[in-house]
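Positions annotated as domain 'LCN-type CS-alpha/beta' by Swiss-Prot, on the basis of sequence analysis: 2-66. The disulfide bond feature in Swiss-Prot is assigned to C12-C65, C16-C37, C23-C47, C27-C49; the stated evidence is sequence analysis. Residues or ranges marked as serine amide in Swiss-Prot: S67.
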Amino acid sequence: VRDGYIAQPENCVYHCFPGSSGCDTLCKEKGGTSGHCGFKVGHGLACWCNALPDNVGIIVEGEKCHS
């Protein structure tokens, strides 16, 4: 397990609103313990997850979003 900004298949972040429960819900659905809306340089507001399973993608540094 690991912590990180949860990624969509194209190495794109899940955008969010500070203070909303959306990231916590998303992270728990994906097997993490919790989540919150954070700020990722180069991506903007993005969901951060705690204790995600290894089979759930997180943002790869240096890779662009390929949407």
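All positions are counted from 1 along the displayed chain.
The backbone N, Cα and C atoms fix where each Cβ goes, glycine too.
Swiss-Prot feature annotations superimposed on the structure.
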{"residue": "C12", "record": "disulfide bond", "CB count, 10 Å": "17"}
{"residue": "C16", "record": "disulfide bond", "CB count, 10 Å": "21"}
{"residue": "C23", "record": "disulfide bond", "CB count, 10 Å": "26"}
{"residue": "C27", "record": "disulfide bond", "CB count, 10 Å": "24"}
{"residue": "C37", "record": "disulfide bond", "CB count, 10 Å": "19"}
{"residue": "C47", "record": "disulfide bond", "CB count, 10 Å": "26"}
{"residue": "C49", "record": "disulfide bond", "CB count, 10 Å": "27"}
{"residue": "C65", "record": "disulfide bond", "CB count, 10 Å": "13"}
{"residue": "S67", "record": "serine amide", "CB count, 10 Å": "8"}
For C49 (disulfide bond), what is the secondary structure by DSSP, using just helix, strand and coil? strand
With DSSP, how much of the domain 'LCN-type CS-alpha/beta' (2-66) is helix, how much strand and how much coil, in residues? 8 helix, 24 strand, 33 coil
Top Cα neighbour of C49 (disulfide bond) in the set of recorded positions C16, C23, C65, S67: C23
For C16 (disulfide bond), the one of C47, C65, S67 that lies nearest, given that the recorded positions are compared by Cα: C47
Quick one: of C12, C37, C65, S67, which recorded positions lie within 10 angstroms of C23 (disulfide bond), measuring between C-alpha atoms? Sequence order, please. C37
Filter the disulfide-bonded residues C12, C27, C47 down to the ones within 10 angstroms of the residue listed as 'serine amide', Cα to Cα, kept in sequence order. C12
If I take the Cα of C37 (disulfide bond) as reference, which of the disulfide-bonded residues C12, C27, C47, C65 has the closest Cα? C47
Determine, to the nearest whole angstrom, how far the Cα atom of C27 (disulfide bond) is from the Cα atom of C47 (disulfide bond). 8
